[in-house]
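*Asks:* Below is the structure I would like to discuss, written out as structure tokens.
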């Protein structure tokens, strides 16, 4: 159950992003805030304890991506993981270029916002469009 402070914060996030406040948007943001890491699309049905229409969840996640509320995390399989953005992200200024850590045992994926991505020297004539860095290992809970 969401406390009043949590609910107020989520409401403010939606308003700041010029999004209408719906139960689905509120619940999905609540799940992000309560999670210890990134979430897959299927996680929302499991964690919510209620059924969400898959299309509604997909559209909500896409809207949150477009508005700079969440970002995607690269995976080694075909799944997509999503994590909350830092508060300084916006629709036109997204800061999702950082390193992620994925536990090999439990699959938990977290953002390492404070760890800088190393500078990559490309050969002359090459241009990078994106850099995805995922460190794999064992998290503190599985150690």
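Note: Cβ is positioned from N, Cα and C throughout, glycine not excepted.
All annotation found in TrEMBL is predicted automatically rather than curated by experts.
Heads up, here are the entries from TrEMBL:
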- 97: Fe cation binding site (BINDING)
- 103, 106, 139, 142: Zn(2+) binding site (BINDING)
*Asks:* Report, as a single number, how many Cβ atoms besides its own are within 10 Å of the Cβ of residue 139 (Zn(2+) binding site).
*Replies:* 18
*Asks:* What does DSSP say about residue 139 (Zn(2+) binding site): helix, strand or coil?
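*Replies:* Coil, per DSSP.
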*Asks:* Let me know the DSSP-derived helix, strand or coil state of residue 106 (Zn(2+) binding site), please.
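*Replies:* Residue 106 (Zn(2+) binding site) sits in coil per DSSP, no helix or strand.
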*Asks:* Using a 10 Å cut-off, grab the number of neighbouring Cβ atoms around the Cβ of residue 142 (Zn(2+) binding site), all chains included.
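*Replies:* Result for residue 142 (Zn(2+) binding site): 12 other Cβ atoms within 10 Å.
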*Asks:* Please compare the binding-site residues 103, 106 by how many other CB atoms fall within 10 Å of each one's CB, and tell me which has the fewest.
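*Replies:* 106, out of the binding-site residues 103, 106, has the fewest neighbouring Cβ atoms within 10 Å.
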